[in-house]
Amino acid sequence: MDLLAKASVLLLLLLSLSNAQTDNMEEAENGSSKEEIDESELEDVSSIIFRMNNNSMEELLEGDLVLPKTRNAMKCFGAPDSCRWPKSSNGIVKVPYVVSDNYESDEKETIRNAMKEFAEKTCIHFVPRNNERAYLSLEPRFGCKSMMGYVGDKQVVVLQRFGCIKHAVIQHELLHALGFYHEHTRSDRDQHVKINWENIIKDFTHNFDKNDTDNLGTPYDYGSIMHYGRTAFGKDRKETITPIPNPKAAIGQTERMSDIDILRVNKLYKC
């Protein structure tokens, strides 16, 4: 190989290395690479919530429901109809809220966007609080959790930063605050899913107890944002919930409220 040919090969090698380095620098600036995928984007809502609530010192029902501390608040666990937020004379259900200043501006925007979808598709309007006694206080404490339904006073919706500030997770916790249970605890769930009790971690079997629910004449919804994922509270990630009759049916949600979730809000609040 003559000198000119060797120089040409060397130049091609240098150009190739330069392009590769440029690609790597661009990936570093963007904070990701082609091989890297945010694992949380692949998780269903319940998996994200349980991961964020892991090691919580607070006793939680069904993984993310804060147990009421007053007799008045207990009513929602016995009679869901009695824990609805009050409706205005114009048919709008106004839910006052405050968002902690400990969130960044983009996190606040994500929260408000999740709330906005309720106003677009239901009669639920989350409105900034003035001086109302009953309101939601969204705070970045440990985990993702909420109380169940209308309490009549300040009630905290916990949305930890760097994990819970996701459209679907926010809507999940807001639905709890509006009075909705997890889908797999429906009174008719045994017709639609099989609970694999032997695969559930011993201390968490109570999270799969059925509730005496009013299903509002709506079908069981595998795609509900309130549905547990297949391996929720499973030993070594074993399957704890199996759809029937089709065991391969997709369950869980990763993006937003399903159409049936929205239908139920409209039915419960007579929108």
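Note that Cβ sites are derived from N, Cα and C of the backbone, with glycine treated the same way.
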Listed in Swiss-Prot for the Zn(2+) site shared with His172, His176, one of His182, His184: His182
Member of Cys83, Cys123, Cys144 annotated by Swiss-Prot as disulfide partner of Cys271: Cys123
C-alpha spacing of His176 (Zn(2+) binding site) relative to Cys123 (disulfide bond), in angstrom: 16
Listed in sequence order, residues with CB under 8 A of His182 (Zn(2+) binding site) and six or more positions away: Ser46, Glu62, Met226, His227, Tyr228
Check: same-chain CB within 8 A of Zn(2+) site center, minus His172, His176, His182: Glu62, Asp64, Leu65, Ser146, Glu173, Leu175, Phe180, Tyr181, Ile225, Met226
Integer Cα-Cα distance in angstrom, Asn54 (N-linked glycosylation site) to Cys144 (disulfide bond): 10
